[in-house]
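Residues annotated as active site, proton donor/acceptor in Swiss-Prot, with sequence analysis given as evidence: H134. Among the features that Swiss-Prot reports, NAD(+) binding site is placed at G9, A10, Q11, G12, R13, V14, G77, T78, T79, A104, P105, N106, F107, with the record citing sequence analysis. Summarising the annotation, Swiss-Prot assigns (S)-2,3,4,5-tetrahydrodipicolinate binding site to H135, G144, T145 and lists sequence analysis as the type of evidence. The region 'Disordered' annotation in Swiss-Prot covers 157-176.
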Amino acid sequence: MAIKVGVLGAQGRVGQAIVAGVTAAYDLELVAEVDRGDSLDVLVQSGAEVIVDFTTPDSVMDNLEFCISHGIHCVVGTTGFTPERLEIVKKWAEEKGNTGVLIAPNFAISAVLTMAFARQAARFFDSAEVVECHHPNKLDAPSGTAIHTAEGIAQARREAGMPTQPDATEQSLDGARGADVGGVKVHAVRMTGMVAHEEVIFGGPGQSLTIRQDSYDRTSFVPGVLVGVRNVAQHLGLTVGLEHYLDI
């Protein structure tokens, strides 16, 4: 039996790609398209079992509270999740008990693999920095993907007992060295013509390693979202990161 899916943010660029992907999938049924100003009640009325949320940081928490309270599983690509917000969502899901929530900083499988490869490489190099590039309409900087990547690198370095990265900088213009995420510098570029791109640069004596990921179109997120939709009901509570569904 097909999984009944509702898409929130259905008129956005990513939302339109998700709608097309769900519609084309033989084992999924699109039952609701929700956008700004629409009532969430349509999700209940249409019998949606899973929702996909690509809305805005301002609306996503209200959306999740509604869906979790009604036992609708959630696959979320919206950005802006702080540790405090994640803790709130985790509490909602635990209290409900029968609902799965997947929040992922990036649903492009190439991006998920980039984050995994970066964690693996981190302990072998003295230095590591992250550069992310996005279209100029993106609301947050640095991206959730870049933050998640840097956090993974920082954790791997701590687990390996590595010292602070070498950096003799004493004077610089404000922001010149990027944002600091657990001791890993993250740089954000906003530029016309870009979609979503990330470079992770590692450096050691006499060598460097660059891991690069490019999403040229919003359709790059669709395969990962569909993995989430098909599996979220088997992962009750809150899961952060698509990698947990991909066994990597």
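Residue numbers in this text run from 1 along the chain shown.
Cβ from N, Cα, C; glycine included.
Recorded features from Swiss-Prot, shown on the structure.
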residue : record                                          : DSSP (3 states)
G9      : NAD(+) binding site                             : coil
G77     : NAD(+) binding site                             : coil
P105    : NAD(+) binding site                             : coil
H134    : active site, proton donor/acceptor              : strand
G144    : (S)-2,3,4,5-tetrahydrodipicolinate binding site : helix
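Between the CA atoms of G77 (NAD(+) binding site) and H134 (active site, proton donor/acceptor) there is a gap of 15 Å. Residue density at T145 ((S)-2,3,4,5-tetrahydrodipicolinate binding site): 26 other Cβ atoms are found within 10 A of its Cβ, drawing on all protein chains shown. Cβ-based neighbour count (10 Å, all protein chains) for R13 (NAD(+) binding site) stands at 14. The separation of T145 ((S)-2,3,4,5-tetrahydrodipicolinate binding site) from P105 (NAD(+) binding site), Cα to Cα, is 5 Å. When the binding-site residues G9, G77, P105 are compared by the number of other C-beta atoms lying within 10 angstroms of their own C-beta, P105 comes out lowest. Between the two most distant C-alpha atoms of the annotated NAD(+) binders (G9, A10, Q11, G12, R13, V14, G77, T78, T79, A104, P105, N106, F107) there are 20 Å. Long-range Cβ proximity for T79 (NAD(+) binding site), meaning a same-chain Cβ under 8 A and a gap of 6 or more residues, is found for P57, P105, L139, D140, S143, G144. According to DSSP, the secondary structure content of the region 'Disordered' (157-176) in residues is 3 helix, 0 strand, 17 coil. It is H135, among the recorded positions H134, H135, whose Cβ has the fewest other Cβ atoms within 10 Å in the structure shown. When the recorded positions H134, H135, T145 are ranked by how far their Cα is from the Cα of F107 (NAD(+) binding site), T145 comes first. Looking only at the binding-site residues Q11, F107, G144, the densest Cβ neighbourhood within 10 Å occurs at F107.
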